[in-house]
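Here's the structure, in structure tokens; my notes come after.
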Amino acid sequence: MSIRFNRWTVGLALGALAAIAGASVMLGGGFGASAPSVGGAPPAAAGGGGNMEQQLRTYIVVYREAPLATYRGEIRGLAAPERLPADGAPQMARAQATAAGEGRVNVHSASARAYLSHLDGAQRQHEASITAAIGRAPQVERRMRHALNAVVTELSEAEAARVQRLSEVQFVEEYREYEQDTDVGPGLIGAPPLWNAATNPVKGEGIVFGILDSGINFGSPSFAAQDETGYTHTNPLGAGVYLGTCAAGGVDEGRCNAKLIGGYDFVCGAPGNTCGAANIREEPGFGDTNSHGSHTASTSAGNVRTVLFKGRNTQISGVAPRANIIAYDVCYTNTATGRGLCPNTSSAAAVDQAIADGIVDVINFSIGGGENPWSDSVSLAFLNAVNAGIYVATSAGNSGPGPNTMGHLEPWTASTAAAQHGRQDFGPVLQVTGPGTVPAALQTIMMNEGTGAVPFVSPMANTTPLKLSPGIDSGDDGCAAYPAGTFTGAIAVIRRGTCSFVIKGNNAAAAGAVAVVIANNAAGGLVPTLTGVTIPGFAMLQADANAVRDFLAGNPGTAGITVLPIPNTPDVLADFSSRGPAGTYDLLKPDVAAPGVAVLAVVAGTSISGSEGAVGLMNGTSMASPHHAGAAGLMRQAQPTWTVPEVKSALVMTAEQVMFKEDSVTPATPFDRGGGRLRVDLAVRAGLVLNETRANYLAANPATGGDAANLNQPSLAKARCVERCVFTRTFRNTLSVRQGWTVKLNGLSGTISPALFTLNPGESKAVKITVNSYQLPADGSWNFGTLVLTPTSIGTLDQPTLRLPVAVSVPPPVIALNPAQIAATLPAGGSGFANFRIDNLGGSRLDYTIDNTGQGSRTLLDAPRGAVSSGFRATIYSDPATAGSAAQFSADDFTLTEATRIVSLYTEGFVSSGQPLATTATSLTWTLYRDSGGNPEGNPQASPGLAVWSYTAAPTGAGVTLTGANIGLNLTAAGQNVDLPAGRYWLVVNARSSFANRWVWFASNTGDNVFRTITVTTAGAGAWTAGTGFQGLAWNVGATNACGAPWIGAPVSAIGRVNPGAVGNNAQVQLNAGGLSAGTHVGFICVASNDPVKPKVAARVVLTVTP
């Protein structure tokens, strides 16, 4: 049976939800798009698969009516909900905010309550329609009305297909899970100048953070009502009033305070329902047993406090230390893998609740996802949260440093790359203090702490005796027991040698040592394993050890061991930080960069109590995002009248652009760092900002003809900049004075209009930016520049220069012959012409020559995905027990009427989890089968030997190109010669990966209405069945054929030129039927050109000769 999934069907199956084995389901298209029509009758069970009609899975059903966050009063008698202006704004501003649809929604207003009541009734009406469609009443696990108008319920795959067809349903999304993607950090992004300002200092007072993550270590001093400086937080809800499970009778009652003012659990209860399942660690309530949520919460808004870490007192602080926090628990821990996993159902419900709470200013979401903004429930919930006045900071992803690895491509969220902040870790240091004058090199010797021994938790005094092992230069030093008292009260230095580190450590401890240092006997570093050793253990480099040996020269010395920060270079991008471009969208991502390497913050234990004082280091864009969120919180406090997009624009335009790639040498590009490293101290003084609306965000959906390049973003990007590309950006003056600005484009050629302008307070100006691309390489590479706005002497110069990153690409020429197959009819012995057109679909000039020698390439088959967002599974599973089958494949067919060489294959698809295919698939396989009775002759799992050709490669293998999860194979580059005789063939393409990360082959509404799917059991059973609902799969096949034929003559005009993107020149080639028998004859006309991908293309000519 067919397995068909929405593009955003993503999931790591749990328990009974994992058994997927044969039913079909089609889930709807993108936001605002109609779903393809499919039959509603439940399918028959596949062999060995069971009746999937009865196997239920969790889905989000999104209805078409606007949720509260986006309702504008379109229904007669139901007014738009009131909007709340900034604190302290006049009453008149409230009416203006409501009319403009800006500001936080007043969820407690009468108009809001009335509309929510309307949605309740509408949802129940829709559920009656669902009941009629599936023949039973759905059990609603959760209702959402604020961020989404949606419900979470359980459906079979066939039921989901029928629900999707209902007119009141916008789309249906299957359960899926995303992975969880401060010491010096706040200082690097400019927070201290705001904290310590002489007037109006800003530390987050009155700002509320919603942390969507694994919960929070509620007992940590970082979340206490009073910090160690004596500052006492104020609860904006009122003293003793708390939200969610902290309210009276809730599971978290007593865990909240004036700092931590509420929390929710969306994992143990509906809609997550994961507590108690195998390999899952999660407890009722918002307590954290994963650490990720506690770390992000304390980084964004944790209290100022002093912590003892590795024996060293260190001060840590959130970026907005006096803000309040609400913890939304949306993630659990898979104990088998250690990964934090976050269901889409839980995340969407949490965003809905954050809007409903009516008090959240900033959301931090250090979790994956967001690759398909306009058709993903969580992404759309974020859009509506932004519309409700909530800033959403997200992580960029940890799949770098390769290109096109970004998550969170939503233009309305603010994604964050991770960079170093100047301190790598805290490392143990041996400080030799005697005898006599100690050489400088011995006063600070960096060491590595071993593993498994008693941990080093407090410094050792610098008067501690330092003693060399008597056999320091022997090969078996420390392998035999020492005489009693050899190292009494001393740090023992023992040479690495023939016995284990454990033996050396235990012998040192038995001889009275208080610590043991293993001196390496070879170049390079060393981390000794000292399992069970009862004293702290370390290792030092060979050169350092020899210097210590020579200095002591048989005389005992003194030394101390302490912990010091290990420096690194700030503003160097982490190698794991995901990079742009932003998939197929004309967006520049990430937006900004922030510290995300070795960030020190609160962690948690594996139970919700007992680790209240714990802190630890973590790496990831997950750690960068809360720095960004904290900065946004300070911005919202300092500039309460600015909209969410305006705050984002100020942070991007004032960021530090001078950063470096992971090699610490190569300058970073905007695809690495976005606008650059955050400088919130400059952002609060930005003299210009850019706003954008929800309507425009939605209209930019490329699937419905939109263009994200037209959005009023604080960056400019265009993948197809043909000769020139034009952008418009509208800036608003934030200052209280009239201000002049000059505008120029650096790094690229172009013009600005106007290049000089002056604005009154609050006035806006549209600026037209034209980037000229004539001189740029026409090879699809990206070229970067900067739009720079500098304040002039008209006004005040005490404000930052603003910079918007720019990225443009010029596609190469792309030749297209139209039609691709030419039909001509001539009488026997007659002559005539083959008429066709030579077009240029690319971004630069095409020069061509008609040349009927050699071989020419042609597109044998082209079935693009288009706006389809559904697909069919195509994966061999590494975890068949979880998947419920060994493999699932899809196949589509093509027919050859003459001998042909296949030279390229391209298939469009997606990874179910939203993770990059390059990292989730261990291999990719392409297989061709002959036709056997209308089906492939075999399948790659049960009968690979029946294939006429098969090729397996790594995702990074020769000839393989991945564009997102679209898979291209250049057979020539892969060393594959696939010459096929005439006949009918089937192509099967599959990944090898886990069920959670299964690859799904997109469907297409172009094709011959014939394609196949199969589920193969672990016993190898399974049969190909007809796919339904679409005309085929999304794929392209390139082939070559011999140019010319005896009856194909000379062209009327052999050479020509076609401008970029132009309908081209009409061409004629002579045909001569002399000597040909009556009937059909096939040959190929070939055209050579400067198209770098297809230097010579062929058009198939079918000549019919009549008697």
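Using the three backbone atoms N, Cα and C, a Cβ is placed for every residue, glycine included.
Sequence annotations record features per position, and here TrEMBL assigns active site, charge relay system to Asp213, His292, Ser622. The domain 'Peptidase S8/S53' annotation in TrEMBL covers 204-657. According to TrEMBL, the feature domain 'PA' maps to 475-547.
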(message) I need the CA-to-CA distance for Asp213 (active site, charge relay system) versus Ser622 (active site, charge relay system), whole Å please.
(response) 10
(request) Check the domain 'Peptidase S8/S53' (204-657) for me and report the mean pLDDT. (result) 93
(message) Between His292 (active site, charge relay system) and Ser622 (active site, charge relay system), how many Å separate their Cα atoms?
(response) 8
(message) Among the active-site residues Asp213, His292, Ser622, which residue has the fewest other Cβ atoms within 10 Å of its own Cβ?
(response) His292
